[in-house]
Amino acid sequence: MHLDKTLIVRGAPQEFICRTGCWDELEQHLERRGIGSALVVHGEASWQAASSYFPEMTRTRVHFEKYNGECTYDERDRLIRAIEDRGLQAIVAVGGGKLTDVAKAAANSLNVPVIILPTLASTCAAWTPLSIVYDDSGAMVGFDVYPRGNSLVLLDPQVILDSPSELLIAGIGDTLAKWYEADVIISQLDTVPVEIEIARFAARKCRDDLLQYSVTALKALADKRLNEAFVRIVETNVMVAGMVGGFGDRYGRTAGAHSIHDALTYVPQSHRLKHGMKVAYGVLVQLTIEGKRGEIDALLPFYARLGLPASLRDMELDFLSRAERLRLAERAVEREASIHMMPGDITADAVFDAIERLERYTTSQPERLGTQGGA
Ligand SMILES: [Zn+2]
């Protein structure tokens, strides 16, 4: 594969701070930027926990706006009107990935700074200058990349400690895919420039640190007591994950695992599953297509410990008929799908075959069944 010379590096937000209590300095950071007024966009459930950490703003004119739960163009336009109607100067996003994405979309349309206070560490949305856009039914319609980086990220690990463990686990699943997807793409390049070496290093670091620290990090969440592993996993999911696409551009984005995820979004019964759970399953389908049984075997115990799905059965989607599974495979290989970043011609038959083989393999393993039965 020859390197496409249109590669653009978008390495980091303008400023990133990860420290307990860092939200308290929000107003000073706004003032350093000459911002005197802002729209604060927040969620519903996450705001109940996060609002107690949100600092009192004494010198800044603030309007609070609850977002509607999905990153759509309609929701972006609604936020744009909320800012324009009040003549506000910036957007402060307090929430998870989709809320952050819609705030970035509105900020970039208006050319105003976006400041991000994550309440979850389940995606790298706080880091990256792009938005994944969905339609009202929850199906993904595409993504937009912006020419301006996020102005500031204030990541407080103590706030993340109040988030549900299933969201951190889903984030771990999504971030784990960084390595498998970047590696399958970068391995095809005949020359690897230094920015793509950085992307690959970051991707490998995601996998290595997730495998090493996730279990201890989840213990922090269960005990509601910060530990070093937890802070490391939070920074891995937000920062190190964001560096993969940030330095690698299209060579550090998605490949097979996310195409499986995207195809699953057309199955209504999959909407209750978090993004990262479907991506984690997609990693195993991708590895099956690649014929990397050894990698799958290395991951399965980790999946079992964290409760990441290794089969349609684990996602309670094994009711899908043969025709529905074929349709799923066809969706995964649509013309624009990132699965085509993998080497060779990936056909619907190959994906269908991989789904079936993975299902047989992971649902027939006695030690795996034993682990689940005993959990
Ligand atoms: Zn993802």
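Cβ coordinates come from backbone N, Cα and C, glycine included.
Computed from a predicted structure; not experimentally measured.
The domain 'Alcohol dehydrogenase iron-type/glycerol dehydrogenase GldA' annotation in TrEMBL covers 13-157.
In the three-state DSSP classification, Leu120 (NAD(+) binding site) falls within coil. If you look up TrEMBL, you'll see Gly97, Lys98, Leu99, Thr100, Asp101, Thr119, Leu120, Ala121, Ser122, Thr128, Leu130, Tyr134 marked as NAD(+) binding site.
Annotation comment: TrEMBL describes Asp174, His258, His275 as glycerol binding site. Other Cβ atoms within 10 Å of the Cβ of His275 (glycerol binding site), summed over all protein chains shown, number 22.
Same-chain residues with CB within 8 A of the center of the Asp174, His258, His275 CB atoms, the glycerol site residues themselves not counted, are Thr123, Gly173, Ala177, Thr254, Ala257, His261, Gly276, Lys278, Val279, Gly282. Filtering Gly97, Leu99, Ser122, Leu130 by Cβ distance to ligand 1 (under 6 A) retains none of these binding-site residues. Here the Cβ of Leu120 (NAD(+) binding site) has 27 other Cβ atoms within 10 Å, regardless of which shown protein chain they belong to.
Classification of Asp101 (NAD(+) binding site) by DSSP places it within a helix. Pairwise Cα distances among Asp174, His258, His275, which the record gives as the binders of glycerol, peak at 9 Å. Taking Cβ-Cβ distances under 8 Å and a sequence separation of 6 or more, the neighbours of Asp174 (glycerol binding site) in its chain are Ser122, Thr123, Asn237, Ala241, His275, Gly276, Val279, Ala280.
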